[in-house]
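Below is one structure; the comments refer to it alone.
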Amino acid sequence: MSFQVVTGWLDNSPRRIFAFVSLASIGMLAFGQYLQHVVGLEPCPMCIVQRYALVLVAIIAGLTGASGRKGLHLGGAVLMLGSSGFGAYVAARQSWLQWYPPEVVSCGRDFYGMIETFPLQRAIPMIFKGSGDCSKVDWTFLGGSIANWTFVVFGLIVLLSLALIWRRVSRRVS
């Protein structure tokens, strides 16, 4: 399968791509809720931040796909790239913490306690410091943790976003 076939498909159906990404993100969020409320897994602060990134991706992709204006596709793809890139970064950081857990728990407070107790400019950096909870692997599928699989999905969304951007920009240049 050549790159032109893929980009041609992207060019002919970008709204379908945005709809697919939005539905996939919603599906991942639903699965996260299932793991939390049915299986009983408690999300760590990094998991919650990844959920926020997925919500952003779902909203951006959904609104862009629902719009009939092709001019919005480039902006939507750029915003989707930023949101999914951020989510991939957080998932990669959590995966790294799982592979190389810190010797000492570096963040003892829970997410909501930090947000309620500290001003936002202090709470947000505390969230990204990670904790023993973030390094704990509670569930795996085919040898990958939730953070590993979330990174894979965010990576695929990043690639789709880049392909959409490249195709749109290359059409404007030529």
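Glycine too: its Cβ is placed from the backbone N, Cα and C atoms.
The topological domain 'Cytoplasmic' feature in Swiss-Prot is assigned to 1-17 (among others); the stated evidence is sequence analysis.
Positions annotated as transmembrane segment by Swiss-Prot: 18-34 (among others). Nonlocal intrachain contacts for the transmembrane segment (18-34), taken as residues 6+ away from its ends with a CB within less than 8 angstroms of a stretch CB, comprise 43, 47, 51, 54-55, 57-59, 61-62, 64-65, 73, 76, 80, 146, 150, 153, 157, 160.
According to Swiss-Prot, the topological domain 'Periplasmic' annotation covers 35-52 (among others).
Sequence annotations record features per position, and here Swiss-Prot assigns disulfide bond to C44-C47 (among others) based on sequence analysis. Every protein chain considered, the tally of other Cβ atoms within 10 Å of the Cβ of C47 (disulfide bond) stands at 23.
Swiss-Prot lists 53-67 (among others) with the feature transmembrane segment, giving sequence analysis as the kind of evidence.
Sequence-distant contacts of the topological domain 'Cytoplasmic' (68-74) (same chain, six or more residues past either end, CB-CB distance under 8 Å): 14-15, 18, 164-165, 168-169. What Swiss-Prot records for 68-74 (among others) is topological domain 'Cytoplasmic'.
Under the heading transmembrane segment, Swiss-Prot lists 75-92 (among others), citing sequence analysis as support.
Swiss-Prot lists 93-148 (among others) with the feature topological domain 'Periplasmic'.
Marked as disulfide bond by Swiss-Prot: C107-C134 (among others).
Annotated transmembrane segment per Swiss-Prot: 149-167 (among others), in sequence order.
Per Swiss-Prot, the feature topological domain 'Cytoplasmic' maps to 168-174 (among others).
DSSP classifies C44 (disulfide bond) as coil under the three-state reduction. Packing against the transmembrane segment (75-92) from elsewhere in the chain are residues 14, 18, 21, 46, 49-50, 53-54, 56-57, 60-61, 63-65, 67, 128, 147-148, 150-151, 154-155, 157-158, 161-162, 164-165, 168: each is 6 or more residues past its ends and has a CB under 8 Å from a CB in it. There are 25 other CB atoms within 10 A of the CB of C44 (disulfide bond), with all protein chains counted.
The residues of the topological domain 'Cytoplasmic' (68-74), classed with DSSP into helix (H, G, I), strand (E, B) and coil, number 4 helix, 0 strand, 3 coil.
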